[in-house]
Amino acid sequence: MLKVNYLFGCPNCNGSISVDRLHAGIPCETCLPGAVEKLDIRTIYDLLVKYSTLKGYSELYMDLEMYDDILRLFKKIVGGEPWSLQRYWLNKLVRGESFSLSAPTGVGKTTTLIVYSVYSHTTSLFVVPTKSLRDQICEKLKKIGHLVSCNKPEEDKVNVVTFHSINKNIDEFVRIKPKLLMVDDADMILKSGKTTERIAKVLQIPQEVFDDTIKMLRLKRMLRFKEDEDLINQVRELESKILGYKSSVQFIVSSATLKPKGYKQMALRFLVGFEPSTIQIYNRNVIDSFTYSNNVNELVKEIGDVGGLILVSKDYGKKYVDQITDNLNAEGYRAMKAISGRKFLEKFSNGDVDFLVGSASYYGVAVRGIDEPKRLKYVIFYGVPKTKLPLEDSLNNPLTALKIGELLKLDVTEYRKRLIYLSPAELQAVKIALRNKVSLNGKLGDLVEDLTKLKDIILDTIKANKIDKLVSDSFVIKKDTNKHYIFFPDIITYIQGSGRSSRIMNGGLTLGLSVVLVDDLELFDILNKKLRRIAEVTFMNFDELKLDEVREKLNKSRSDGSGGRSMNFKTALLVVESPTKARTISKIFGRGVRREIYGIPVYETIIIDDHSNTIIYTNIIASKGHLTDLTTEELGYYGVEINDKDIVVNYSPLYRCMSCGKTITKKVSTCPYCGSSMINSSEKIVNAIRLISTEVDEVYIATDPDQEGEKIAYDIYSLISPYNQNIFRISYNEITKTAVLNAIKSKAKINESLVKAQIARRIEDRWIGFELSSVLRSALNDNNNGTGRVQGPVLKWVVGKTSEYKANIGYVVDINIGDYVVRKFFKTKKDAETFISQLNVKVTKIAERTSTIDPLPPFTTDSLLIDAYSKFRINSSLAMKVAQELFEAGLITYHRTDSIHISPYGISIAREYLEKIGSNDFVGRSWGNEGAHEAIRPTRSMDVEELRKEIEENPFQFGIKFTWAHYRLYDLIFRRFIGSQMSSATATYTTYEININGELYTVELPTKVHGGFSSIYGIRVYNLDESHLTTRIRKGSLVSLLTYADVIRLMKDTNIGRPSTYVRTVQSLIRHGYVVESKKRSFLIATNKGQKVYEILNKYFSDMVSESRTSHLITKIDKINRNELSAEDVIMDLLNEIKNIKLVNPLQSEQYV
């Protein structure tokens, strides 16, 4: 029986433990002798105490005890059970964690903090924005009978104070040395550097540490623009000083909407280990509408109810806020301005005010600071919410300048080429230099000079052509009182502002109404299109609404909750493979926040499933690939112990050397390769995942949907099972909102057949590789030798072609007849020259026919790699790296696939795109049967030019730095996919007879192609024009060398490769020095070392590394995948095969030279 054993991970001693025990949630046999059975935490604790083996498990037990204590207290104070989100917070609070409480109003943040402040029995500080909120909290604490101070700082009490008090009496609050600091509305910290510094003092952060952190952050920013060894050393020295600091104060942040931007704010974030900001939730239950009226009073009469928020577009200014407020009051309504402070909200909540009027500004209190679910029913936008800038100022953003230049028909191609590949830091430096009119050095300096000239050209062109208005797909430029301004629709302000009418109340989401008074048709059209794509908002004409029904629903959703949308809350941990993927998922569900656990980044976001009305508070962490590997400790046969009954496979954590980058699979204190003591263990990531798993309701493991991804998922599942039993495997083929939500809905268990197949393949790789490598090291006296079963045939092909190439070197004459090339080979240069001197070419058209051509299917991994090389000379390692990044950025589907199938959703993307460009050639093809994966396709109906525009508008949205290769590969994938969903093309094939110096050649070539898919995915056509005849002599061979593309095609044809191994196999040969890749054309050439290795393998182990034997083994692995073959049988067959290697030791019989 196949069994897995980890050499670490016991929840008590962190020692060796079997998978069976981990899955049962119990410690190792040394700690807890006896049969494997599921036991609860308290029983396990008691048994460990009984056996005197209690170690680390005590922490798990104590956390549970503290959690139970605070649950009892919560029920006593509140009179009911905490919600899922409150349980999550309480769990973290009792463990002393510092973090942000992210949730909409109405889910009990303040209640949770009041309960915890009572539970903590320590000097604490509760900082709130207003006196009224301070008084409310004080009153609640007094009713509970807890020690509370509301007027002056006192030790051993809960001190409830306003920010004003903190700023006024900072020294007194520092003096009481609170152990717990809770901050409501932390925007007060984030807006003011002075307040941030005062909060740092309350947190007892030494001034020197705070100043050093600011200095370190400044130096790191400088390093973005230039590599400087002195700066790097300064940063390292500061980091070593700062990292020794650990705060003794627990810091909790609630209700923050801003991101920390200043150096003081960023320093605070660095020192407390989390972002003092909270997740922005864009969940809405809103009727979005528009009208062309501009009369607010008339609109209010039509709605027929009070409880409205009027947001005035910023370009109208404070004057219109005053005017609208006065007009409403004159009509007999009670209206009040919402400009600053909090009094307006108190009056509105108490029913003393009917309407609030404020500015449609993202940072304004009317958009950010109003949470009144019962009374606020609708939002009226006076004018399309927009940002207005002087045109000249907007040109300091070079990407905006490019778009305006294009609108003016200026040639900005060269500017685009230089800008599009800048890093975010470089682009920011250029913006700042243009805005402040300062110079930069090097290429950025030249770019700033040229962009300054472009600004002048744009302004002169607009003036010379007397242009009053320009409209693009993202902004409008208009002339206003002899000056030009640029207007952008404010998408986020609309989402946030309209969302004020739809809040959490009594466990449900209230219904809201939004009405935009359209003052600019073009801007509204841009707003409408962007909202439809980003937030799935659809606007209705206000005049077509049945207002009596709307009014009834608005009120009903607030009276008894029955008319609102009922919401469920859940907490989860989502484990992915890469940090980029973690950031992408965090972004697509709103604006998340980042914290660190044991130095590992964790992204917090809120996933909202509208269909089940579930809010999933989600922590996202990256495993960074595999967390374990077959151990190289001296255990069994290369880590595998075999006895009569079982095959026990032993796994170690991965130890990565921070100096040389090597990975080690046994416990070491120094790197065996470079001697460095800077070793990082994957145990740190395991511990971070374990910690979060204790806090959440469910764990979703979303590693890649392939064999390797399943093994990573299995390791995570096994190692965290003692901490959470609600663990699910989810998988998706693309990183989009819909795909992730569907994956969560379809959560499943680990596919153990895939895991067993991976284990068998890894054992084969280890056994064959280590044994053959041992022979090669001895034979060649070189430690950098290694090979495996798949590398053997590939090395054979490369060595063979290299030998044939060298044996047939001569001269090649290229005869270019129009755009068709005929090649002739000669042994000597003289023969080639003679041939050219006598050259006589005659081309005769002898036949022509018309035929239809069907489109090619969408890409699989092998066909993508082949086309990337043949069309753009992108070698396969770069192509796979770029495809990985495009997948992780959410732009294409999973790129390791041998399926050509397209899902109905994929087909709809092609339909949408073809309709958008006005094509009638959509056909729609599913291309084969549905399987685990789809073909490689785009995730949106966005071509490469649209992608460029998106990146120009927001260079940071995809989280990767785009290069020419990213655009080329995306364009290739997009065109191939769209073409695969189109009708057939019509081609004309022409047959030619070519007479070259008396030799006759007959060829049939496509000479015309039109219609169908050819408009998107072009087919090469030829023009054999003998009047355009050129020749060239070059050194070459009768035999071509192999490229990556050739090797991939051979691997696929001989069934010795899979999408995940195509590139890795060749890279391994290059890494060992057996093969080199030519610089110009990426040919693969065998080295002398590679030749010697092949000769040894061919002489002694030819059968073992043959194509047929390798293909046979891969077929067996596939059968294990499908549960048609036992992994144990395959492993035992391998063991018998390995014995042949050990029996044949070439060094004992002869010395290889």
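For all residues, glycine too, the Cβ spot is worked out from N, Cα and C.
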Worksheet item: Of 290-317, 318-345, 654-681, which span is tagged zinc finger by Swiss-Prot?
Response: 654-681
Worksheet entry | Cβ contacts of Cys657 (Zn(2+) 2 binding site) (under 8 Å, same chain, 6 or more positions away) | Thr663, Ile664, Cys671, Tyr673, Cys674, Ser676, Met678, Ile679, Asn680
Worksheet item: Using DSSP, would you call Cys657 (Zn(2+) 2 binding site) helix, strand or coil?
Response: strand
Discussion item. Here's one to test understanding: among the binding-site residues Cys10, Cys13, Gly108, whose C-alpha is closest in space to the C-alpha of Glu577 (Mg(2+) binding site)?
Written reply: Cys10
Discussion item. For Tyr894 (active site, O-(5'-phospho-DNA)-tyrosine intermediate), which of the listed binding-site residues (Cys13, Cys31, Gly108, Cys660, Asp704) have their CA atom within 10 A of its CA?
Written reply: Asp704
Item to complete: Out of Glu577, Asp704, give me whichever of these binding-site residues has the highest number of other Cβ atoms within 10 Å.
Response: Asp704
Worksheet, complete the sentence: Excluding Cys10, Cys13, Cys28, Cys31 themselves, the Zn(2+) 1 site's Cβ centre has within 8 Å the residues Pro11, Asn12, Asn14, Gly15, Ser16, Ile17, Pro27, Glu29, Thr30, Leu32, Thr53, Lys55
Discussion item. DSSP secondary structure for Cys13 (Zn(2+) 1 binding site), reduced to helix/strand/coil, please.
Written reply: coil
Worksheet item: Asp704 (Mg(2+) binding site): which of the binding-site residues Cys10, Cys13, Cys28, Gln86 is the nearest Cα neighbour?
Response: Cys10
Response to the item:
Cα nearest Cys31 (Zn(2+) 1 binding site) among binding-site residues (Gln86, Gly108, Thr110, Cys660) -> Gln86
Worksheet item: Can you tell which of Cys10, Cys13, Cys660, Cys671 has the most other C-beta atoms within 10 Å, given these are the binding-site residues?
Response: Cys10
